[in-house]
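Worksheet for the structure shown next.
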Amino acid sequence: MKLGFLIPNHPNEKRVALLPEHVKGFNNELVIETGFGETLGISDAEYVKVGCTIASREEIFKTCEGIFSLKVLKPQDYKHIREGQIIVGWTHPEGSGKIFMEEQGIPKNLIIVDLDNIHPSIYYKDYVIPMEWIPSNFVRKNSYIAGYASTMHAVMNYGSIPTSETKVAILGSGNVSQGAFSAISKFNPDIRMFYRKTMNQLKDELEEFDIIINGIEMDNPNKHILTLEDQMRLKKNCLIIDAAANLGKAIEGARHTTASDPIYNKDGKYYYAVNNSPSIFYRQSSKAISEAFSKHVYSKELEFYLDVIAEVEEMIV
C-alpha cells in the first residue's frame with residue numbers, strides 16, 4: 001500500500017517529518033510531495049535515491065491509501081480526500097482538529113491515526129482506539145523543543161530581557177516544562193516550579209509573577225489551571241506563555257497565535273500560544289520527529305490499521 005507525505009500548509013510550518021536518512025526497511029511504498037524537503041535543502045532526488053516516488057499533492061490524494069500530514073489538513077484539501085482514507089499525523093480530533101473531524105473525518109469514514117505524544121490513538125467514526133503499541137512520550141524531544149522555542153520566542157517578541165529580578169512561574173515538570181526551564185534559566189531570573197499538586201501555592205502568589213509559563217495539557221475542557229478570575233489577579237504586563245498550546249484549557253479563554261503574530265494583549269496581560277513553536281527550531285525538531293515517527297509509525301504496514309478497524313466493526317455488529 002502507498003503512504004503519501006504532504007507538505008504541511010500550516011502557517012510558518014517548516015518541519016520536515018521524514019528525512020531520507022531514516023527511510024530504511026519500510027513496508028509501505030512511500031510517495032513524497034514535490035519539494036517536501038525544501039526547507040532543509042533536501043532535493044527530491046535524495047528521496048528518490050532511497051526508494052521514494054515523487055508526485056504532486058493532488059496525485060498523492062488520488063493514488064495513496066494513507067496520507068501523512070504533520071498538521072491537520074486544511075479546507076483547501078477537503079475536496080481531494082477520499083472515502084475511507086487513512087490520515088496520519090497530528091490531527092488532534094478533540095482539539096484543533098475537531099472541525100476537520102466533523103466535516104471530513106466522520107462523514108467520509110476516515111481512519112485518523114493521531115500521533116499525540118502522550119495518548120496516540122486511532123479515531124474512526126465515534127470510536128477511539130488507543131495505540132498501545134506506541135510508547136507514551138515517544139517524541140519527547142519535539143515536546144522539549146516546544147517549551148524551549150515558545151519561551152525564547154515569547155520573550156523576544158515581548159521585548160524585554162528577563163533579569164535576576166524577574167519572577168517566573170513554570171507550570172508542570174514534563175518535557176515542555178523542562179524545555180521552558182532550560183530556556184528561561186539562561187537569563188538567571190527568580191524561577192518557581194509548580195506541579196499539579198502544588199497549584200494552590202501558585203494561586204496564593206499569582207500577583208507576584210512577571211512571567212508564567214504553562215507546560216501542562218488539560219484533558220478536561222471545563223477545568224482550568226488559570227481561570228479568567230485568576231488572570232484578573234495577575235500584575236499588569238504579565239507575560240503568559242502557553243508553551244503546551246492547550247487552546248483555552250489550561251489557561252481559560254486563551255487562543256492560539258501564530259509565529260508571525262505571536263502575542264496579543266488582553267486586559268493588560270500579554271499572551272503567547274503558538275501551536276507549532278518547534279518549527280522555530282525546525283532543523284532539530286525535524287530530526288526528532290523523523291526519527292521517532294520512522295521507528296514507531298512509518299514502519300508499520302497500512303494494512304495493520306485496516307485490520308484494527310475491521311476488528312472494531314466486528315465488535316459493533
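Each Cβ is built from the backbone N, Cα and C atoms, and glycine gets one as well.
Since the structure is predicted, the reported quantities are computational estimates derived from the model, not experimental observations.
These come from Swiss-Prot:
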- R15, K71, H92: pyruvate binding site (BINDING)
- G172, S173, G174, N175, V176, S177: NADP(+) binding site (BINDING)
Fewest other C-beta atoms within 10 angstroms, as judged across G172, G174, which are the binding-site residues: G174
Which of K71, H92, all binding-site residues, has a Cβ with the fewest other Cβ atoms inside 10 Å: H92
Which of S173, N175, S177, the listed binding-site residues, has fewest other Cβ atoms within 10 Å: S173
CB within-chain contacts under 8 A for V176 (NADP(+) binding site), separation at least 6: S143, Y144, A146, G147, S150, G215, I216, A243, A244
List of residues, in chain order, with Cβ under 8 A from that of R15 (pyruvate binding site) and at least 6 apart: P8, T39, L70, N276, P278, S279, Y282, S285, S286, I289
Among R15, K71, H92, the record's pyruvate binders - longest CA distance, Å: 18
In three-state DSSP terms, the structure that K71 (pyruvate binding site) belongs to: strand
